[in-house]
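One structure is given here, and the rest of the page talks about it.
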Amino acid sequence: MRKILKLKIGREDLILETGLLAKQANGAVLATYGGSTVLATVCCSDSIRENLDFVPLSVEYNEKYYAAGKIPGGFIKREGKPKDKEVLVSRLIDRPMRPLFDKRFGREIQVVPTTLSTDQMNPPDIVGMNAAFTAVFLSDIPFNGPIAAVRIAYLNDEFIVNPSFDEIQDSVLDIVVAGSLDGITMVEGGANEVSEEILLDAIDKAYTYIKQICDLQKEFIYLIGEREKLPLAYEEKVFEFKDDLRSLIYFELKDACFVRGKLNRDKAIKLVKQKAYEHFSSLEQLNDENEILFYKACDDFEQEIVRKSILEDNLRTDGRTPTQIRDIIAEVDLLKRTHGSALFTRGETQALAVTTLGTSIDEQVMDDIDGDKRLNFMLHYNFPPFSVGETGRLMTGRREIGHGHLAQRSLEAMLPKKDDFPYTIRVVSEVLESNGSSSMATVCSGSMSLMAAGVPVKEQVAGIAMGLISNDDKYVILSDILGEEDHLGDMDFKVAGTKNGITGFQMDIKISNVTKQLMRDALEQARIGRMHILSIMDSVISSSRGDISVNAPKIVQLQIDIDKISLVIGSTGKTVKAITDEFEVRVQIEQDGRITLFGTDNLKMQKAKAKIESIVREPKVGEIYDGIVKKINSFGAFIELTPTKEGFLSNRSRSRDDRYGSDIRHSRYSNRHSRYGRDNRSSFSMRFPRLEEGQIVKVRISDIDKFGKIELELARD
């Protein structure tokens, strides 16, 4: 049965519809906001897997080109593998939804939001999020919903709910907030040095509308009736001999948890578990069914030990206090032939960033339903398996794309405008070691490598990952969390920024009782930590170098009138090709008359610039040129002043420096005098040798008539 509900959110109505499309799915919702429409479906498999310690969820957001009235570019006219944007939106949908599924359900779950229409004004990602959340909530899959999402922008000192693409582009803050009726579950976005209070107010603003959308979803239950949920695959089980296991390993496991060094600590914990496993095996108390429960009980003890130590003793497994940051080492210029390089090491997390400068030809072309784009800044994050001491495939996964995007957003607000710095910039982060917060280490190393490459960034940027351990009575906020603190904790909050404010952030919350005061405390503790990190980075490199690397391509720009573009290009590109070949430069001509020269030799680039300026320059009487003799006849010579301009040097014209002789003496007159065997050359002919085609001669413009014809005379040195 078709049901439709709508709610005013910002400038448009959010329309949710179910019962018309994809009725064989476990759940399906069509969401529309303005002219953007997304269909989201959810299905689960029939096969059941017991004792899973994770939710087998996959989210596959996809955009159809027909949604914008386009046909895919390139040779293949079918949508192919997911684009980075689709991966990022899939992660936005996945992260707030995953904790609300019951692990005991034991079946694979697939959520597929598909953009069917877009007005290229209202971003379809936020529409897809609400479509997916509603589809899952209305399905027969056990889910602790409802949840909803809202985007907030801050522009001209005002908050805008679900802003347009143009408003996002002009804003100083762009965040996506997801949450339930119980509280915020996820925040992600970028900013241009905004304060912590503005961020908190934006989250507050978003939550007001999130609750309204959640209530709208609940209205569907009254309209269509609550569906009977599918049964859980298994009941929660515990290890039968858990008390005996606690008595056997608890204190030994506690000692192992506080061994210094990630690898040593993991090895010590593994040894304790192995000894316990052998003990229970010898008593024949382990079998295939309860072996998983045995290891789960060990993990529960480990989590209890770590959390209790932090809450009661303010002591973390590596010996730090909650606010303490690991030792930091920062270096630049490790790689001599690169354009800029930096190494940032924080404890057992290490990121090597390399900046490469290219030309506009190196820009990333994006064929997108929201409009074609060219990106002149890219950050690529690589997380090889050796960074955590493991083997595996070297490939770019969703995690790498997501972490790279967060680091890129954190840095891009500090980059110069393209008109001021017309380079394409690529930063590659190689994570060489990882024990928590590698994306924030990427921000730090990336910022320093940009400065080392000579990119005129506005401010240094640093990042830090915050964590949370809480119970019913108290909470402890952790600075610079380890990997295990991320796994065992209640919150992962990454904050990047400058000394002036925040530029990037990502928060995932696993509990429902996070208050505004808690977030304020976390942001303030993150700000203090960020200032500490910035001070260390500034001691190594505090501002961009005045010049770019000698290994980077050089750029020279000039502006010409639009109506002169054709002169620079020439017939069939002849002129611009000649400039390219002669001076070994690459020439890019924009429609607004801006010309950019790329090359490696400064002298040749300046000569190429002078050549172009001479081509477009309007000739004036009295100007002197080094012209090329193109053709000679009995009346004089045609002299090429520039590839697009010629003048005529008459044999009757007189030089300003010689009133008695003609400027040109044609060869036949010379031969006539020589027939008599004597040199009858006049004084002026001896002073001015014969001109030959191809000869370079210095000439002066003596006159320009009303038709633009140029008359020349020889110019004396």
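Glycine is no exception: its Cβ is also placed from the backbone N, Cα and C atoms.
As recorded in Swiss-Prot:
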BINDING   D486, D492  Mg(2+) binding site
DOMAIN    553-612  domain 'KH'
DOMAIN    622-715  domain 'S1 motif'
REGION    650-678  region 'Disordered'
COMPBIAS  654-666  compositional bias 'Basic and acidic residues'
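Considering other CB atoms within 10 Å as the measure, the emptiest surroundings among the binding-site residues D486, D492 are those of D486. In the three-state DSSP scheme, D492 (Mg(2+) binding site) is classed as strand.
Residue counts for the domain 'KH' (553-612) by DSSP state, with H, G and I taken as helix and E and B as strand, are 32 helix, 16 strand, 12 coil. For the recorded site, D486 (Mg(2+) binding site), the DSSP three-state label reads helix.
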